[in-house]
Amino acid sequence: ASCRTPKDCADPCRKETGCPYGKCMNRKCKCNRC
């Protein structure tokens with residue numbers, strides 16, 4: 001998922017890992033694991 005802020009990653013990361021947290025690196029979400 002593309003992003004500008006870590007908040008942009010909440011929904012895509014929740015879908016991907018079940019965890020609504022991630023970093024935004026090079027405009028791409030890098031999702032954390034819970």
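Heads up, the Cβ atoms here are built off N, Cα and C, so glycines get one too.
Some features that Swiss-Prot has for this protein:
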{"type": "DISULFID", "residues": "Cys3-Cys24", "note": "disulfide bond"}
{"type": "DISULFID", "residues": "Cys9-Cys29", "note": "disulfide bond"}
{"type": "DISULFID", "residues": "Cys13-Cys31", "note": "disulfide bond"}
{"type": "DISULFID", "residues": "Cys19-Cys34", "note": "disulfide bond"}
{"type": "SITE", "residues": "Tyr21", "note": "site 'Important for activity'"}
{"type": "SITE", "residues": "Lys23", "note": "site 'Critical for activity (is inserted in the pore, pointing downward)'"}
{"type": "SITE", "residues": "Met25", "note": "site 'Important for activity'"}
{"type": "SITE", "residues": "Asn26", "note": "site 'Important for activity'"}
{"type": "SITE", "residues": "Arg33", "note": "site 'Important for activity'"}
{"type": "MOD_RES", "residues": "Cys34", "note": "cysteine amide"}
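Location within the structure of each feature annotated in Swiss-Prot.
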{"residue": "Cys9", "record": "disulfide bond", "DSSP class": "helix"}
{"residue": "Cys19", "record": "disulfide bond", "DSSP class": "coil"}
{"residue": "Cys24", "record": "disulfide bond", "DSSP class": "strand"}
{"residue": "Arg33", "record": "site 'Important for activity'", "DSSP class": "coil"}
How many Å separate the Cα atoms of Asn26 (site 'Important for activity') and Cys3 (disulfide bond)?
9
Residue from Tyr21, Lys23, Arg33 whose C-alpha is spatially nearest that of Cys13 (disulfide bond), among the recorded sites:
Tyr21
What is the separation, in Å, between the Cα atoms of Cys34 (disulfide bond) and Cys24 (disulfide bond)?
17
Rounded to the nearest Å - Cα separation of Cys3 (disulfide bond) and Cys29 (disulfide bond):
6
Any same-chain residues 6+ apart from Lys23 (site 'Critical for activity (is inserted in the pore, pointing downward)') with CB under 8 Å of its CB? Would you list them in sequence order, or say none?
Pro6, Cys9, Cys29, Lys30, Asn32
Note down the number of other Cβ atoms within 10 Å of the Cβ of Arg33 (site 'Important for activity'), including every protein chain shown.
9
Residue pair Cys24 (disulfide bond), Arg33 (site 'Important for activity') - Cα distance, angstrom, rounded:
15
Mapped DSSP class for Cys3 (disulfide bond), helix or strand or coil:
coil
Rounded distance in angstrom between the Cα atoms of Cys31 (disulfide bond) and Tyr21 (site 'Important for activity'):
6
